[in-house]
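Under the heading compositional bias 'Polar residues', TrEMBL lists 658-670. TrEMBL lists 848-858 with the feature compositional bias 'Low complexity'. As annotated by TrEMBL, domain 'Ig-like' applies to 13-106, 111-197, 216-302, 318-378, 384-466, 470-556. Positions annotated as domain 'Fibronectin type-III' by TrEMBL: 569-667, 672-769, 774-860, 861-956. As annotated by TrEMBL, region 'Disordered' applies to 649-683, 848-868.
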Amino acid sequence: MGCLAESSVLQSPVFTKQPGSIVYPVENVEKNREVVFSCEAKGSPPPMYRWRLNGTEINPKTGSHYSLSGGNLRISHLNKDQDAGTYQCLASNSFGTIVSREASLTFAYLENFKTQRRSSVSVREGQGVVLLCGPPPHSGDLVFSWIFNEYPTFVKQDTRRFISQETGNLYIAKVEPSDVGNYTCVVTNTVTKTRVQGPPTPLVLRSDGVMGEYEPKIEVQFPELVHVAKGSTVKLECFALGNPAPSISWRRVDNVPFPRKVDMRKASGVLEIPYFQQEDAGTYECVAENSRGMNTVKGKLSFYDVQKLIDDSLAWECKATGKPKPSYRWMKNGENLESTEVASGVLSISRLTLTDTGMYQCVAGNKHGEVYSNAELRVIAVAPDFSHNQLRSQTLVKVGGDALVECKPKMSPWGVISWRKGSEPLISILDNGSLRIWNVTKSDAGLYTCVARNQFGVASSTGSIIVKEPTVITTLASTLDVTVGESVVLPCQVSHDPSLELKFTWFFNEQLIHFGSHGGFFEKQHSAGDIMIRNVQLRHAGKYTCAVQTKVDSISVAVDLVVRGPPGPPTSIQVEGITDTTASLSWRPGPDNHSPITAYTIQARTPFSLGWQAVTTVPEVVRGTRLTATVIDLSPWVEYEFRVLASNSIGTGEPSKPSKQARTKGTSPKVTPANVSGGGGSRSELVITWEPVPEELQNGPGFGYVVAFRPHGATGWMQAAVPSAEASRYVFKNESIQPFSPFQVKVGVYNNLGEGPFGPVTTIYSAEEEPGRAPTRVRAKSLSASEIEVSWKALPWNLRYWSRSEREDTASVQRTVGNQTSTIIRGVKGSTAYYVSVRAYNTAGTGPPSTTVNVTTKKPPPSQPPGKVVWNTSNSKIILNWEQVKALENESEVTGYKVLYKKNRHSRPSVMETNTTSVELALPTDEDYIIQIKPFGEGGEGSSSRQITIPRIPGQWRILLVTLVPAHQSEVFFFISVSALLKKCFSQRTASTALAYAAINPSL
């Protein structure tokens, strides 16, 4: 291993320390300060050093303010005009020269902002905005912040606000009213520590509306390609405007998770990667998202400090932006490389050698100038090493299969690979060093060793090959036939090596079956890999594949499933010929679903039918071989739609799509109105009524009625035309018509295509005469505070009632019907005097009023509910006690109490009456009960107690004191207008009726 000793081997120079950029405060130049650029390299013979400033070699002669100490360059008596620039160290020995990365010397300063005023920025609420900083001339790194209105109130960065440390601009994703004010950019030089403030920028809201929601728009982006040196820190900025304010997230495009060192400050839109390494290189994506959408931006981080092995390949990409588009060239150790190695800025080396080690520079330039990017390439020599890539400990293979065992040691340069089984050498070695064994047998099982050699050493790694019996599917490929609605088992039986675990996977038409989904049709069976399809549908027809997998092999078998079912819907329904009652149809067959079509059924619908109805056809039975039929018995002048259904031995399939609407031709009407009758009306009128003929039976446009009538016994008919299809009534008025005299009537029909028949003759009567007598024996009696009973001599009547303070013409009216001789007026006031009169009525009008009678209603019932209800249970009894209700002076006395009880809120209550303040209910206590108590007297029922719920309490005593709230505090009462209610009860009858009048005296 003596060849690896650094002290005794000739070696080209290699940098061990390279210069770094220096920023120097301008104000310190006058204080006779100095700077030192470091440079150190190793090599044999020892390297000599030179330095360049802006590409020109420096001559550190005596008296110059440049001096060399080893490879370090010292600059004293700094002059910012002469010494600022780009420095590079060159290290040379007899093997060649290497050039260090560029290092700049800049003199830090920060001038004041030039402008004193800035125009206001006007935006809508909800809109995004960018406030520009525009830093003044400077040198050295800057830090930016913003003052809101006045110092020391600084803008705080969050998901809505972001300050770019690249440009200094302030970004507000979504402006809110609280953002209105003055914004001032503050710039700090990190080298000189000086700080300057820009002029304030006013932010104002526009008054012409609010900005609606919109998807994110990324305003802060990072470059498409960023070259990052090993060990450095990289920061990527990303921020978007949008409404709602977008969220910012980061990810690697290759989905590699971020290591712990990565700082993702999502609120400030910055991704920071410290101590950059080779594994951090890749494409990074910033995702801006809100409820309206998502936008992304990507950039590639390229690692430029590369260590490679001999014989590896290299491809370095160099990318720059500029106008005009830049050209590229590469340099190695300060010398231009041949153009054959460079294409579109990419440096390619197909097979590295030790001589490729060195410093590389990409130079991108156009007519405006050139920029440099540096990277170091180290090509190293390594003895064989299996520590990071051992042979697989076990390789499983089936009998008759092929075995591949990979051997991938790390070594540079690539050496020689050999194999042995036990101690026996092998020769079945692939070019890449892997071992391949074809048509494996049981004898091939054993331990295998891969041995790797190069000029720097030898290493080996051992693994075993284990041979297993192959898996065989014993189920043959087949075709299964099943009918819709049945269940079927798809078999998949195998023989296999018992030491291997089987995995069954099923596919339907090449798509994986997810058991538990698909509507629950597919079920795994307990027997090997069999599956069952329950309630098979037509859509389940197709190819099913059972795939069986073990650690050593995988095989599959296919089963074709044919599903027989009712036919599919026919297509292309055409209505080809149509008359007033027939239509000729044709169609094309749908799929027969593996069972021949035996018959077709035709259905029709109209705007007047309840859905689809079967129709009569010629032929009456449409065979499956026939594709035309004639529909008969249709209604004239009606729009029809038709559809066709196909049937086979399994059933009737889905209907076809409806045909286009087709109207049958018109003809004269054939149907006459039904229920011709009449009567009533005013004096000297004959009222004739009928049911209109439905539109679907009118047979054509211009439909109307012909009404014919004559007095009973006359020979000639009088006729009148009614030209409205919706008409249902005709009134003939003539002073010669006697009251309630008989007429013969018939109603016919017509339309624009001709006249139809008359209906049957019926007898009706002309209008009646008003009643001429007033009712007698009118009596009125108060039943309670809210009810009055009125009676009279037999005949139906109208009642009128009004109070003493009201006029008779404002009285309320209540009608009776038929031979009723009494009625009850409800909803009147308590302790009030009413006037009541009765008069008869019929369809012709009302008769004279009866003599007016008066009645005074009783006092209203007690308004207070029972209080302090106490209950207990014992065995099957519930005992209730409550306080006596005392009536007020204007209320009727309490004569008793009603106890209402029921098992639940929806059942009908049972009622018990008592004239005491306690009651025993013989009820089982294993049921829940709801109980209410209300007082009553001659004025009716009073206010009810609140509902009491008595829970089931078997076999135990329980006492509960309930303090009741008056009903008007916890209940909702509904009051209905008596007059409105009574008006709904009005009806007309031909018999005589009475009319009553009443009045209320509010002073009582």
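Glycine too: its Cβ is placed from the backbone N, Cα and C atoms.
If one looks beyond the compositional bias 'Polar residues' (658-670) by at least 6 residues along the same chain, the residues whose Cβ comes under 8 Å of a Cβ in the stretch are 573-575, 578-581, 583, 585, 605, 634-643, 693, 697-701, 703, 749-757. Contact between the domain 'Ig-like' (13-106) and the domain 'Ig-like' (318-378) is supported by 3 or more Cβ pairs under 8 Å, counting only residues 6 or more apart in sequence. Highest Cβ contact count with the domain 'Ig-like' (318-378) among the listed stretches 111-197, 216-302, 384-466, 861-956 falls to 216-302 (criterion: pairs under 8 Å). Highlighted: of the candidate stretches 216-302, 384-466, 861-956, 216-302 has the greatest count of Cβ pairs under 8 Å to the domain 'Ig-like' (111-197). Mean pLDDT, taken over the domain 'Ig-like' (216-302), works out to 88 on the 0 to 100 scale.
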